[in-house]
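Enquirer: Below, the features straight out of Swiss-Prot:
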{"type": "MOD_RES", "residues": "Lys120", "note": "N6-acetyllysine"}
{"type": "MOD_RES", "residues": "Lys120", "note": "N6-succinyllysine"}
{"type": "MOD_RES", "residues": "Lys124", "note": "N6-succinyllysine"}
{"type": "MOD_RES", "residues": "Lys124", "note": "N6-acetyllysine"}
{"type": "MOD_RES", "residues": "Lys131", "note": "N6-acetyllysine"}
{"type": "MOD_RES", "residues": "Lys131", "note": "N6-succinyllysine"}
Amino acid sequence: MVAAAAVAVAAVGARSAGRWLAALRSPGASRAAMSSDAQWLTAEERDQLIPGLKAAGWSELSERDAIYKEFSFKNFNQAFGFMSRVALQAEKMNHHPEWFNVYNKVQITLTSHDCGGLTKRDVKLAQFIEKAAASL
C-alpha cells in the first residue's frame with residue numbers, strides 16, 4: 001500500500017498529493033463529503049437523463065458504466081481550444097474526463113471513478129461539453 005501511494009504521489013504531483021493521501025487515509029470522510037452528484041444514477045435518473053445525451057450523440061459503453069462521444073473540429077487549434085475549455089470546467093468540478101486527441105478529433109469517456117459508474121457529475125460535464133462544442 002505504501003509503495004502504491006508513493007507511485008500515486010509521483011503520478012499526481014506534489015500539489016494534488018496532499019488531497020489524495022488525505023482521502024486514502026480516511027475514505028469514510030471523503031465519501032461523506034461527496035455531494036449527491038457523486039452517487040450512482042438511479043434507474044429513474046438514467047431514464048430521465050441519458051436519452052438526451054444519446055440524442056446528442058453520446059453512447060453508453062457496454063463494457064463499463066460510462067458514456068462516450070467523439071467530436072470533430074476544423075483543425076487541431078479548434079480541438080485544443082475545446083479541450084482547454086473542458087479542462088477548466090472539469091477542474092472547477094473536480095471531475096476529469098478520460099480523453100484522447102489526434103489532430104482535429106477528440107474522444108471523450110465520462111465515468112466517476114470514485115463511485116465506479118455514471119453519476120450526475122458525468123451528466124453535468126457532458127452537458128457542458130455539448131455547449132462548449134456547439135460554441136465553436
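Note: Cβ is positioned from N, Cα and C throughout, glycine not excepted.
What you see is a predicted model, and the numbers here were worked out from it, not measured in a lab.
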Enquirer: Would you mind listing, in sequence order, the residues at least six apart from Lys124 (N6-succinyllysine) in the same chain with a Cβ closer than 8 Å to its Cβ?
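Expert: For Lys124 (N6-succinyllysine), the qualifying residues are Asp37, Met93.
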Enquirer: Which one, from the modified residues Lys120, Lys131, has the smallest tally of other C-beta atoms lying within 10 Å of its C-beta?
Expert: Lys131
Enquirer: Roughly how many Å lie between the Cα atoms of Lys120 (N6-acetyllysine) and Lys131 (N6-acetyllysine), rounded to a whole value?
Expert: 17
